[in-house]
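*Asks:* Just passing along the structure, written as structure tokens.
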Amino acid sequence: MYPAHLLILSAVCVSLLGAANIPPHPLNLINFMNMIRYTIPCEKTWGEYTNYGCYCGAGGSGTPIDALDRCCYVHDNCYGDAEKIHKCSPKTQSYSYKLTRRTIICYGAAGTCARIVCDCDRTAALCFGDSEYIEGHKRIDTKRYCQ
């Protein structure tokens, strides 16, 4: 390919990205996924923590069925408070953090949306790492057990 073609192709790609309004930082959910991977046992994947219990995954209702499900319940409420009280957008808020010595450090000024959301994710990820994963609580019948 000729250098001029590469230049035109690059310009088209840059303008398409700008038109699509794609944020320059990864979405918060990617950060949360990485935190979870860091704290859970090696034999588990972060995906096994979706559709677990009554609250791990989209939505949630009823009483959490175990300690791990309570982690998700608390996380959902933390995101809810971030939205209602602080006017943040937790699922898309980018933030800075560091994974070190089996813990997670959130950066940024206290009270900012970035720090609030990071603290929500940090608390949940550490809770996941400290909670037992019960295979029978994956993909439960939420209509039956989560009312």
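Backbone N, Cα and C define each Cβ position, glycine as well.
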*Asks:* Using only what Swiss-Prot says about Ca(2+) binding by TYR55, GLY57, GLY59, identify which of ASP76, ASP81 is listed for that site too.
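*Replies:* The record-listed residue among the candidates is ASP76.
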*Asks:* Quick one: Swiss-Prot says CYS146 makes a disulfide with which of CYS54, CYS56, CYS71?
*Replies:* CYS54
*Asks:* Consult Swiss-Prot and report which candidate among CYS42, CYS56, CYS88 shares a disulfide bond with CYS72.
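*Replies:* In Swiss-Prot, CYS72 forms its disulfide bond with CYS56.
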*Asks:* Which one is it, CYS78, CYS88, CYS127, that Swiss-Prot ties to CYS113 with a disulfide?
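*Replies:* Between CYS113 and one of CYS78, CYS88, CYS127, Swiss-Prot records a disulfide, namely with CYS88.
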*Asks:* From the disulfide entries in Swiss-Prot, identify which of CYS71, CYS78, CYS106 pairs with CYS118.
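*Replies:* Checking Swiss-Prot: disulfide partner of CYS118 resolves to CYS106.
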*Asks:* Identify the disulfide partner of CYS127 as annotated in Swiss-Prot; candidates are CYS42, CYS71, CYS78.
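*Replies:* Disulfide partner per Swiss-Prot record: CYS71.
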*Asks:* About how far apart, in whole Å, are the alpha carbons (Cα) of CYS71 (disulfide bond) and CYS56 (disulfide bond)?
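*Replies:* Given the Cα positions, CYS71 (disulfide bond) is 8 Å from CYS56 (disulfide bond).
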*Asks:* What is the set of residues, excluding TYR55, GLY57, GLY59, ASP76, whose C-beta falls within 8 angstroms of the centroid of the C-beta atoms at the Ca(2+) site?
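*Replies:* Going along the sequence, the neighbours come out as CYS54, CYS56, ALA58, GLY60, CYS72, TYR73.
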*Asks:* Would you mind sorting out which of CYS78, CYS106, ASP121, CYS127, CYS146 (the recorded positions) have a C-alpha within 10 A of the one on GLY59 (Ca(2+) binding site)?
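*Replies:* Of everything listed, nothing lies within 10 Å of GLY59 (Ca(2+) binding site) (Cα to Cα).
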*Asks:* Which recorded positions are spatial neighbours of CYS78 (disulfide bond) here, meaning Cα within 10 Å, out of CYS54, GLY57, CYS88, CYS106, ASP121, CYS146?
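*Replies:* Final answer, ordered: ASP121.
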*Asks:* Among the recorded positions TYR55, ASP76, CYS120, whose Cβ has the fewest other Cβ atoms within 10 Å?
*Replies:* ASP76
